[in-house]
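A.B. asks: Positions annotated as ATP binding site by Swiss-Prot: Gly108, Thr109, Asn110, Gly111, Lys112, Thr113, Thr114. Swiss-Prot lists Arg372, Asp396, Asn397, Pro398, Arg399, Gly447, Glu451 with the feature meso-2,6-diaminopimelate binding site. The feature N6-carboxylysine is assigned by Swiss-Prot to Lys217, with sequence analysis given as support. According to Swiss-Prot, the feature motif 'Meso-diaminopimelate recognition motif' maps to 396-399.
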Amino acid sequence: MGSNPTPSASVLYMDLSFILKRVKGITLNSKEVKKGYLFFAIKGTRFDGHNFIREAEERGAYAVVVERPVSSKVPVIIVEDTRKALGKSAHEFFGKPSERLNVIGITGTNGKTTTTHLIEKILLEAGEKTGLIGTIYYRLGEKILGSGRTTPDQITWHRTLKEFYELGAKNVVAEISSHALDQYRVYPTRFEAVLFTNLSQDHLDYHKTMEDYFASKAKLFTEYESKVKIINADDTYGKRLLKITHGEIITYGKKGDLKILNFRTDFRGSALRIAFKGKEYEFSTNLIGDFQAYNLSAAIAYALWKGIEPDLIQRALKCVNVPGRFEVVHSDKFTVIIDYAHTPDAVENVLRTARKLSKGKLISVFGAGGNRDREKRPLMGKAAEKYSDLIILTSDNPRDEEPEKIIEDILDGISEKDKVIIEADRRKAIKKAIDMAKEGDMVAILGKGHEDYQEIKGVKYPFSDAQVVKEILGGDGCIGKD
């Protein structure tokens, strides 16, 4: 971009397009400001960027974008919403990349990661280079471009889309979190398709109420352009979404446009029979779990809408690996399941399937994240009690909270306290579960899935459930990468 000298300080109300042609970069982090950069003052949950304008000036900011009048030595551009202004500016600064790509956005409480991987696999099978943005990583083929938040900030989002485009991608499939929608992190992306999986309790530490949570999710369907909207018609909030969204809509579920006729699952995988536009199709996959019926249906609905042949869809679904999602570890006598389930609904879904597949007892090991929604903790305990013969409560990512206090919150939802063992050390808890497992039993380790760290008091220590299980089982364990 241009290298014009910084103009004299003034308060401006103008189209940011004029300024964007004259700056070298844009940022919302005052510590990243360089000479000639445009700084956006964002008011966050912990910090207010308006308090860091002086630092941005000292680092050479060309101008600052704010929501309220401030004293500054550089031009001040006042806008109604700096988050939206940042999104629009990043979109323009990086060449409007979403207009050159087919961007598929997926939102919902559970199923986002699996559904993004399914759609990515289908598009790759169709010969279309496809990027993925999500909880585990941001990647294009084998190239990992980054990781962090499920959905990155506005600058990272639009810059990543640009990188995908420059690397030859035709499509990008992305998880869109409720936080991202509330904070306009993907604004003003033009989507090819947007998908809704489901909504159940999570993130109430941030959204406060389920109504606020739903309102954030709904933004993807009411405030963004998309060619098609694909919605779970069996979900209560999905039905509500149908009443407020417009344009081309495809529903999926037992009563959807894409109708689930039959689904069966066991340790060999799953089979799904559906009806869509007067035709019946059957698909099989290595993925396990009753909940996969909806993840598969969402991905198939998109693929059929796009005109991808059913035979090609089947080839893609035959073997899918989603790290930390119902990951099966086989030993000589029993089975271990590793899953990211960290909401009441996800815990119930995973343990219901585990109960169904287990020939013996079901031992569950889990905790809950610190500094997050406390209300869901007893509900997770209640869900675990419903299906488990034995529950070992332990730490997840306690963050700044004491693990014992989190465990107490979970314990409040469990009535049969005699089926509970408390072991705050997660490694010891996993070992205890494996040591107690007998032939035919199943051990379900929930909450962290693919994560390779445990966050305690601001420090992320190396920790992987899969690695710990492998170390404990030694040569007896085989982690399936189905």
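Quick reminder: no glycine exception, Cβ is built from N, Cα and C everywhere.
Would you situate these features in the structure and describe their surroundings?
C.D. replies: Listed in sequence order, Ile106, Gly134, Thr135, Thr150, Glu175, Ile176, Ser177, Thr197 are the same-chain residues at least 6 apart in sequence whose CB falls under 8 Å from the CB of Lys112 (ATP binding site).
Note on Arg372 (meso-2,6-diaminopimelate binding site): other Cβ atoms within 10 Å of its Cβ, all shown chains, come to 19.
The number of other CB atoms found within 10 A of the CB of Lys217 (N6-carboxylysine), across every protein chain shown, is 24.
For the motif 'Meso-diaminopimelate recognition motif' (396-399), the DSSP counts in helix, strand and coil order read 0 helix, 1 strand, 3 coil.
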A.B. asks: I'm trying to understand the geometry here, so how far is the Cα atom of Thr109 (ATP binding site) from the Cα atom of Lys217 (N6-carboxylysine), in Å to the nearest whole number?
C.D. replies: 9
A.B. asks: Residues sitting near the motif 'Meso-diaminopimelate recognition motif' (396-399): Cβ under 8 Å, six or more positions beyond its termini, same chain?
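C.D. replies: Contacts with the motif 'Meso-diaminopimelate recognition motif' (396-399): 342, 366-372, 406, 426, 447-448, 451, 453-458.
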A.B. asks: Provide the number of Cβ atoms within 10 Å of the Cβ of Asp396 (meso-2,6-diaminopimelate binding site), excluding the reference atom itself.
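C.D. replies: Around Asp396 (meso-2,6-diaminopimelate binding site), other Cβ atoms within 10 Å: 22.
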A.B. asks: Quick one: largest C-alpha distance among Arg372, Asp396, Asn397, Pro398, Arg399, Gly447, Glu451, binding meso-2,6-diaminopimelate per the record, in angstrom?
C.D. replies: 17
A.B. asks: What mean pLDDT does the predicted model reach across the motif 'Meso-diaminopimelate recognition motif' (396-399)?
C.D. replies: 98
A.B. asks: Out of Arg372, Asn397, Pro398, Gly447, which of these binding-site residues is nearest Thr114 (ATP binding site) by C-alpha distance?
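C.D. replies: Out of the listed candidates, the nearest Cα belongs to Gly447.
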